[in-house]
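These notes are about the structure you will find just below.
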Amino acid sequence: MSDQDKDPVVHSSLSKPLYISSVLLVLSMAWGLYDEMYGIRPWKGYQARFVKVYSRYLKSAAGGEADVERQIKASPEYKQLDAAMQSAEKAAMPGASAIDKTINQELVPKILALNEPFQEVRGHIGALTYEIEVTHSESSKDSLRKQIEQLKAEKHDIQLPGDQKRSLDFKGMGDLLQSMKDEKSRKLQERVELMKQATELRAKRDQYLSDRIAEASTSTIAAVQNSLDKFDIRIRQIHVKDVDLVDRCESCHLGTREPVVLTKAAMGGEEVFTSHPDKELLKIHDPEKFGCTPCHGGNGAALASVEKAHGYNKFWLWPLHHKENIQAGCQQCHAREVVTEMADTLNQGREIFRLRGCMGCHRYEAFDREADEAASVNQQIRQLEQQKAEWKREVGFSEQKANNPRTSDTEAKTLFAHANDLKVRSSGLDAKIEQLDMRSRSLVREMKKVGPSLKEARVKLKKEWIPVWLKDPHQWREGTKMPTFRLDDNEIRAISAFIWQTGVKADLPQQKEGDAARGKEAFETRGCMACHSMGEGAAKQGGTFSANLSREGEKANYDYIVRWVHNPRQRSAPYCAFEKKDLTAEDYARKGMPYVFDLEHSKCPNDGHELQVQQMTPMPSLRLTEDEARDIASYLMTRKRDNASYANADYMDDPKLKNQGLSLVRNYGCAGCHEIAGLEEEQRIGTELTKEGSKPIERLDFALLGHKAEAEEWYTHKGFFEHKLENPAVYDTGKEKAKQDRLKMPNFNLSKPEIDAVTTFLEGSVDASVPARYFYTPTDQRQDIIDGWWVVRKYNCMGCHKVHVGQTTTFDTMAKYQDPDWKDQRPPTLIGEGARVNPEWLMRFLNNPALSETDTNRDGVRQYLKARMPTFSFSDGEIRKFVRFFEALSSQAQPFIAEKLDPLTEQERTMARQLFTSEGAPCLKCHMTGDAKHDSHATAPNFTVAKDRLKPGWTKRWMLDPALMSPGTAMPSGLFRHDADRYVFTGPTPASFNGYPKDHADLLVRYMFQFTPEELSRLRSSASAGN
């Protein structure tokens, strides 16, 4: 038989193909089952490992915590608390047992016995009532009502335990049942009152135990272990319904919210199982309300792989933030803040962005609010003045036409009425312009520039120094804010010439030389070093807010420095924003006015609008005498290197270079940080960064480095920002460009932590996809805190003062103030300032820290301090923000209403004076009284002005325990002890206190807040006599 005639079914076998296919099918099915159960469900393996590792840790922790608990329970303090609890419980137990017996053996059985027949009747009545409601026939309703009345009137035989049989209708059963329930409630309340002391002592004992256990208690560990024994391997997800957010992060990150603190070491090195690093943040941002991904980023619904869950896919717009940038998530909801609690890295990024001048080139919403508002106000004023001018022309036209003999009387009346209407409306515009001018006056004072005014270059700087500085500011002064631009020699020459030639030409008074030694002492103690530093390298001391002055003598003009130190806000010429020019003496002379411009003379002689009469610097006045200013300036002029020399720079007078320089200054955006003549209205040259973090990755210009970034896995927003900040010219690599077309961003020489901080800030600068309720936009006192932080940071208040617990001031870091003799010379803490001082007094103090119009060369509160509170020339708006900030930080009610104190009797006044001046009370030993002789040795504030400055409640708390409110204070604690329901003076008291039943601390507070001039005189005499 030929092969063609063979039947394939009979003569051939398919077993091999079928076998192979079957094997492949089985393998495929096995692989599919594995992938279904484990491959695309890696979280199952995580959960199994978590239970195993967690259980092992709990077993080891339980033993350790049990030992700790035993040690605590063996302590005398715990035993004393336990004994008191046991004693109170033993005393109350007979009464409590009797009540329990009454309730359980008498009331409860009777209530249960009566409740059954009562509920049965009530059920029938309820059913009939429903039938009435759904029946439409009135006759049927009447019939049903009769049945209800019959049920209510029907008598029921009731046999209550331990009671005789009763026959009661529905109302009788209800009344009796309610009376027994009321009796039960009364008995339970009696039991609570009886056991109250024992319950409170038990809570106190248990709190003592829990306060001394760093980790979880044994009871907590036992409860957690019990839950692990019943652990169910399943997807764990958070569903925030109102925003339809699903996050399944905790399917793998199982330890996030566990009551036991889980570290990487505790969980066998598996970081995925650790607790959230900040439990306080979880309390504020409950995951059940906020989810996980709105803060951390990532794809919360994905579970198939770590890469997908963390959003590390180029098509996912919100990848998980890296550990060093984790606080980027805070920015999207807290974008209006400059300080966000528990976000130090983000706060640092914001501070760098603000202080290093980034916002000079890049607009960022809320970061230049004064300039933005000033521009808006000026625009409104211009529009209103244009409207006034139009109406004035229209008034003239209407009156002219009305006075025309050919105009009818009716039309003339209409025209006159229209003209009068426009005059009235124009006067209304005057009122609006007046208000806008007042706001403009405040804004002009509030606006600051990051860098110094270059209008003052000719009078301030040595000509030859400018080109050296422009070449590389960081080489001349390490750590300076001024970045390094990639300028060639020709550009440096042109820019130097432009700066020099556009500078204001002013004649400065020639100053005599001061005493450099005295100047050094004043510089180091008056407060200059809270902002400025001195020295280089390891020898550097002082603040970083402003310039290091170690080489000031090489660059500055002595006569100018004297003026600058004496009054840093003094300008050589005022600037008019409406005329867009610096005014000269001729502008004033044409109006017959003296060439005087300051805060009291701030109106433009030409148009009446507000002038910029101050330097746009945050540097305040220390209210120095002219001699003190000369001393400090003389000291600064000695600060220079011995071999310092600078090349001749006569080319800076070449007018041909000026125009080249103007073009370059505009190209590099110098006017963003500096005030420059003719460029006051110059716009920023950089892109706005408010939403930079949400730009699609394709819109970030990696230039020729795109493939390299992808290969090296930094083709991300994070990678782009980090490389740009490390080397701003990096994306010009390999590009053929003309010099003016190259990237302009200069090099700030940021450290790695600083780059991380700015990257965190930029990554969080997104067009957030979260709902509006997530955004932190408070309308209560918390908004005052937000507003206040902007001015606190703006003026570097934290250089001198502690504003929050744990903060370090510049004074804390300086070697001089580590000396015990100098520790008391540190500026006061402002923690709790809102609770301490009267807000009306604080407003006066911030406006005039000397608290005197004549004696200004002093600190108004602590004359004994060498460092003094400067005069910042705050605007009224800024003062309000400061006051409301401190009030809000201390949760003080607004508006402030002074507490009314009980008046002193003459006997109490005498007693208080005797205690104040007694040997046992140290009040007059340290505190000022206003007596010059006594105050020359004082080391604490003048309490004779307490009634104006302080709040009574705070003053009493301060007297009782000052160390609690301000750790490390020189004010002694333990001056008073608690005796029954009052505080009494601990030391010996005058004989007049014998039999006095009232609170001694309260007496002294009332005495301080009711000083009369006569009483002050007596007290000062006593203080003087004591010296």
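The backbone N, Cα and C atoms fix where each Cβ goes, and this holds for glycine too.
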367-401, 507-541 - the range that TrEMBL marks as coiled coil: 367-401
Positions on the same chain near the coiled coil (367-401), where near means CB under 8 A and six or more residues out: 353-354, 359, 407, 415-416, 418-419, 422-423, 425-426, 429-430, 432-433, 436-437, 439-440, 443-444, 446-448, 577-578, 609, 790
Contact yes or no, the domain 'Cytochrome c' (656-766) and the domain 'Cytochrome c' (344-503), 3+ Cβ pairs under 8 Å, gap 6+: yes
Mean of the pLDDT scores, which run from 0 to 100, over the domain 'Cytochrome c' (656-766): 95
